[in-house]
Amino acid sequence: MFLNTLKAVFGTKNDREVKKYFKRVAQINALEGNYQNLSDDELKAEFAKFKEQILSGEKNENDVLNDVFAIVRETGKRTLNMRHFDVQLIGGMVLHDGKIAEMKTGEGKTLVATLPVVLNAMSGKGVHVVTVNDYLAKRDAEQMSAIYNFLGFSVGVVLSSQNSDIEHKQAYDCDITYGTNNEFGFDYLRDNMKFSKAEKVQREHNFVIVDEVDSILIDEARTPLIISGPTNRTLDGYIKANEVAKQMQKGEAVLPPAKPEGDFVVDEKNRNILITEAGIAKAEKLFGVENLYSLDNAILAHQLDQALKAHNLFEKDVHYVLRNNEVIIVDEFTGRLSEGRRFSEGLHQALEAKENVKIQEESQTLADITFQNYFRMYNKLAGMTGTAQTEATEFSQIYSLDVISIPTNIPIKRQDKDDLIYKTQNEKFKAVIEEIKKANAKGQPVLVGTASIERSEVFHNMLVKEKIPHHVLNAKNHEQEALIIQDAGKKGAVTIATNMAGRGVDIKIDDEIRALGGLYIIGTERHESRRIDNQLRGRAGRQGDPGISRFYLSLEDNLLRIFGGDRIKSIMDRLGIEEGESIESRIVTRAVENAQKKVESLHFESRKHLLEYDDVANEQRKTIYRYRNELLDENYDIRAKISQNIAEYSANVMNDYILDESGSNVNFENLKAKILYECSTQISEKDFENLSVIEMQDKLSQILENSYNEKMSRLEIKELRNIERILYLQVLDNAWREHLYQMDILKTGIGLRGYNQKDPLVEYKKESYNLFLELVNRIKFDSIKLLFSVQFNQEEVQNLENKANEENEKLLQSSVEMGASEDNLGEAEFKKVPRNAPCPCGSGKKFKECHGKSGPKQGILA
């Protein structure tokens with residue numbers, strides 16, 4: 001109450017921020033008359049003057065903002081016959097300040113972006129504009145290019161349909177580049193697998209505006225971009241695990257100390273499976289093993305866990321569909337099919353076994369990055385969306401982005417009615433159809449939002465029976481989708497769409513539809529996120545148009561059933577609600593919103609938790625990529641680096657074979673054998689007589705230096721440096737891939753440390769640091785071994801770089817390019833663990849000192 005009083009007197013923080021921006025709008029408006037009186041050439045000359053001041057450092061972007069915004073507004077009027085509204089100027093300033101502009105549907109976000117894009121492109125460092133699909137990227141670039149071209153800027157578009165690096169490089173070399181988040185991210189990963197700077201396509205990460213920022217930075221935050229290659233692991237275990245999973249009985253969860261019945265319990269809130277003691281015994285009998293959680297059977301245990309998830313947490317036509325005997329993921333937020341993406345951790349293989357289709361082989365990560373860490377690389381990050389305030393805390397904590405709600409140009413007239421709640425889904429379905437029939441009878445257009453493809457089909461079949469013409473929108477073709485959505489506001493139109501389909505395309509209505517009350521939005525289920533519901537509502541009431549929105553719910557809906565159904569059911573029982581009747585109450589609507597807040601909080605904590613782990617790997621990634629870029633630089637002294645590595649290698653090897661501190665006792669036989677094997681170099685015991693430990697290390701280093709120089713003496717210096725650089729890069733890349741595999745193993749088993757009263761995150765940081773030190777040493781020493789052992793003829797020398805690139809291309813072509821991450825930090829997966837890796841059992845010891853030496857120990861799958 002006290003806070004509400006303060007807000008009424010002083011306004012909210014958002015109100016105060018907007019008020020500050022309005023003061024600057026007045027200054028921009030005062031310049032409008034000056035620029036509208038100029039000819040085209042004079043206007044261009046004025047802009048060129050400001051651009052020169054930016055490039056020379058005489059002024060910065062903030063100094064010229066008023067004039068540049070006024071010029072862009074005037075350019076929009078002349079080229080597109082579109083004038084930026086005052087509130088759009090505010091949106092532009094918010095984006096330029098590196099914040100998120102929350103602007104309602106129909107407020108012209110595409111036009112708003114031109115203001116900060118032009119202002120920040122003046123430095124010549126490039127501006128990226130990110131959209132959610134190729135159609136929107138192409139459309140926005142084409143629509144706004146008239147403004148950019150008038151002011152002398154080039155515009156490029158990065159599309160998934162473009163197959164060559166040349167096309168991508170041309171797009172990135174433009175002043176302004178439009179594209180999707182996936183393409184920007186994958187190009188970054190591919191660039192860091194190239195063998196020369198000239199082959200890279202991206203420039204520096206200067207300024208980026210992310211359209212539909214909530215979809216990309218929140219909804220997609222747990223989905224890493226992955227470039228991967230095939231492995232040689234057997235897939236038979238998934239078939240066995242699937243057969244066992246089908247024979248296990250589901251039990252009901254109970255509160256401790258009571259023990260659940262059945263073989264396993266489904267934890268729907270956390271989307272996890274808990275196997276009971278009886279279930280473990282049954283699985284061991286069916287598999288024919290004594291201990292399911294021994295080292296030898298741990299992969300089988302993991303495959304069983306994934307099989308149980310596949311059967312109990314993932315529904316066909318909800319979470320995935322079958323197309324041409326392939327399991328294709330359905331994006332939970334858009335309802336679109338996610339071609340090319342696969343669930344990780346063996347879950348996709350489990351789904352393929354469940355559906356009895358060909359099981360695709362597992363893959364090994366070659367390079368990966370999350371959107372969270374990719375977009376945080378930019379010098380300045382900004383975003384636009386119609387719905388961001390509900391996630392303002394996450395934007396602030398994860399991305400350091402403030403959310404500013406921009407006032408609408410014309411007040412919203414849409415009526416948002418309270419939810420109607422029914423006892424069963426069938427009652428709800430019938431009520432929705434009756435409401436559609438009423439609206440359709442008078443010609444009012446209706447947009448029906450569903451939570452899944454399966455639900456879309458239910459309403460489609462019911463409308464067919466009622467002989468009501470309609471469109472079903474859950475296609476994967478964004479362009480076709482956009483055309484259908486554009487017609488959703490026409491008289492008599494009935495459109496069924498998954499909640500987010502067609503996003504980025506406005507639904508326009510005419511005067512006849514306005515007289516009928518505007519577009520009618522019917523939500524058939526509350527999403528776990530209030531933001532998705534608000535996006536559905538926002539399809540109606542654009543630019544001050546009338547409209548109606550209402551959600552129809554049932555106690556059998558997942559959200560109410562899992563997170564809040566008991567309280568609402570008791571209210572309905574007290575009110576004596578009969579079959580077919582509904583309840584409409586602000587109390588119930590608030591209870592539903594509270595359930596959504598619970599889920600949002602769970603998801604936020606999950607994303608935050610994952611980021612804490614990913615930040616560890618991200619720092620290592622940045623270090624390796626930074627060093628890799630140094631190696632690509634022609635001015636980098638690779639020969640000095642090799643000499644340094646030879647010295648470290650020599651010291652390391654000598655220490656392994658010196659048997660006492662004085663250095664008087666050295667195992668020369670084994671030392672000579674090692675140097676001959678690894679460096680193709682003969683050494684004599686006489687060379688080391690009467691030398692101290694340090695002198696022996698230096699002597700070995702000198703011998704190896706001379707041997708290396710002699711070996712490479714027949715090559716031209718330029719050729720030699722190129723060979724050294726490429727071979728060093730190959731060693732680095734191979735070591736990095738192996739390191740990513742080790743990190744995957746570490747992350748998979750780290751949750752078990754909690755059973756030993758240790759913080760898994762702290763343990764993960766310690767172990768990953770040790771792994772990184774091993775990685776650095778492996779790069780140093782393996783490069784030395786390779787350089788000493790490699791033999792070339794002249795043709796191979798000339799084609800070395802081409803061959804390296806061809807091998808990379810093969811890897812990229814075989815890659816599984818998108819990973820849909822399931823959060824399985826608590827599951828130990830004992831694969832073919834390298835001897836020096838941390839043992840997955842969680843002991844903290846190296847594998848060779850634990851299970852690799854002493855044989856299997858009993859473990860628990862968390």
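From the backbone N, Cα and C atoms, a Cβ is placed for every residue, glycine too.
Swiss-Prot annotations:
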BINDING   Gln88, Gly106, Glu107, Gly108, Lys109, Thr110, Asp506  ATP binding site
BINDING   Cys839, Cys841, Cys850, His851  Zn(2+) binding site
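Look at the Cβ of each of the binding-site residues Glu107, Asp506 and count the other Cβ atoms within 10 Å; the largest number goes with Glu107. The ATP-binding residues named in the record, Gln88, Gly106, Glu107, Gly108, Lys109, Thr110, Asp506, extend over a maximum Cα to Cα distance of 17 Å. Least crowded of the binding-site residues (Gln88, Thr110), judged by neighbouring Cβ atoms within 10 Å of its own Cβ: Thr110.
Sequence-distant contacts of Gly108 (ATP binding site), defined by Cβ-Cβ distance under 8 angstroms and a gap of at least six in the same chain, are Met82, Phe85, Gln88. Spatially close to Lys109 (ATP binding site) yet at least six residues away along the chain are Gly91, Ala101, Met103, Asp211, Met384, judged by Cβ distances under 8 angstroms.
Around Gly106 (ATP binding site), the C-beta neighbours below 8 angstroms that are at least 6 residues distant in the chain are Asp506, Arg542, Gln543, Asp545.
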